[in-house]
Each structure stands twice: as structure tokens, then as C-alpha cells.
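*Asks:* I'd like to ask you about the structure that follows.
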Amino acid sequence: MATQAAGIFNSAITTAATSGVKKLHFFSTTHRPKSLSFTKTAIRAEKTDSSAAAAAAPATKEAPVGFTPPQLDPNTPSPIFAGSTGGLLRKAQVEEFYVITWNSPKEQIFEMPTGGAAIMREGPNLLKLARKEQCLALGTRLRSKYKITYQFYRVFPNGEVQYLHPKDGVYPEKANPGREGVGLNMRSIGKNVSPIEVKFTGKQSYDL
């Protein structure tokens with residue numbers, strides 16, 4: 001991913017209605033050294049042709065059959081917050097930033113992961129944050145205190161949107177039929193081979 005020159009970045013988000021991956025044309029550059037500012041985001045929806053949809057289709061293979069990743073609507077309003085979320089940092093211009101969305105049954109106050117309090121709107125909310133961990137922290141708070149489900153996405157500078165969490169539609173601590181275990185061995189730890197038998201082989205006892 002090419003690093004963009006330092007300058008003013010005027011963001012204009014464009015979404016493509018694909019099955020798993022959308023394109024957002026997010027950054028355009030104007031050369032002005034040692035100056036950095038963000039203008040109000042202008043958002044417009046854009047249709048994609050069938051060939052673009054076919055090219056994006058393989059990106060959804062990770063999700064189990066029957067689950068369709070939710071589409072990010074950039075027109076979703078943000079919570080009411082008078083402070084700062086810490087900005088998107090310089091990383092957002094050359095790497096990525098993160099967007100978390102949720103639906104609230106009413107207007108209520110919540111704690112921001114970056115500090116301070118904000119008012120979530122009744123209905124859909126969208127919040128841009130610089131780090132994935134901030135989305136996870138806020139999402140945990142939403143689920144534990146407010147009983148609200150959430151989703152978050154990664155947005156790249158070239159406009160691509162990647163759906164991140166929950167990956168298959170079910171939060172990780174819940175059982176989900178069809179979910180494949182990672183590093184799963186159907187045996188107890190006591191049935192692993194003796195570590196001395198695999199010493200100097202480059203393998204671990206749980207690998208056998």
C-alpha cells in the first residue's frame with residue numbers, strides 16, 4: 001500500500017454495494033507541506049457493475065454458509081460528543097482506521113473508549129476510531145451494560161472496507177454450529193505425548 005504524501009486530506013467516501021467488500025474512495029491529496037486538517041466527510045452512494053461484484057465475492061469465503069456480512073452505511077449519524085476521539089492519527093492516511101456501528105433503543109449516555117462521555121443516538125450510530133482495540137473496548141461495554149450488539153470494520157486509505165467483527169455473525173464466546181476450531185485437538189492435555197519424545201524434532205507435544 002503506497003504511502004501518501006503529507007498534506008491536506010479531503011475525505012470523500014464512496015460505497016459499493018458488494019457482498020463482503022466495499023470500496024470507499026476516501027482520500028485525495030493536495031500538496032501543502034507541514035499542514036494537516038480534516039474536512040467534513042462528503043458521502044455518496046455508488047452502484048457497482050456485475051464484474052466488480054464477482055471480483056469481490058471470494059472475500060466472503062471465510063464466513064460460514066448462510067451468513068452475510070452487514071454492509072457499512074456511511075450515512076449513519078455519529079454519537080453526540082463534544083470532545084476528541086484522539087483523531088485518526090497519521091496511520092489512517094497511510095494504513096487504515098476503524099468504524100464501529102450499533103443500534104440503540106433510546107438516547108443514552110455512554111463512556112467513550114478514548115475518555116469522556118458521549119450521548120448515543122436512538123437508532124443507528126457510527127463512530128470512527130484509530131485502533132481496533134478501542135472498538136473492542138467500546139463493544140464490550142455496549143454488550144455488558146447496555147445489552148446492545150455491535151459490528152466494526154476496517155477502512156483502508158484506498159477506500160476498501162473490510163468487515164471484522166463478529167466475523168461469522170456470532171460473538172467469539174458463544175457456541176456457533178459450523179464454526180471451525182483453530183488448533184483444536186479432541187483430547188485432554190494428559191493424553192499428549194511426552195515432551196521428551198518430541199525434543200529436538202521441532203514439534204510440540206500438542207502438534208501430534
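Start at 1 and count along the chain as shown; that gives each residue its number.
Any Cβ shown, glycine's included, is placed from N, Cα and C.
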*Asks:* Which residue does Swiss-Prot record as phosphothreonine, given the choices Thr14, Thr48, Thr149?
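*Replies:* According to Swiss-Prot, the phosphothreonine annotation belongs to Thr48.
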*Asks:* Swiss-Prot tags one of 49-72, 169-192 as region 'Disordered' - which one?
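*Replies:* Feature region 'Disordered' in Swiss-Prot: residues 49-72.
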*Asks:* For which of the residue intervals 15-23, 141-149, 159-167 does Swiss-Prot record region 'Ferredoxin and ferredoxin-oxidoreductase binding'?
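*Replies:* My reading of Swiss-Prot: the region 'Ferredoxin and ferredoxin-oxidoreductase binding' range is 141-149.
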*Asks:* Can you break down the region 'Ferredoxin and ferredoxin-oxidoreductase binding' (141-149) into helix, strand and coil residue counts using DSSP?
*Replies:* 5 helix, 0 strand, 4 coil
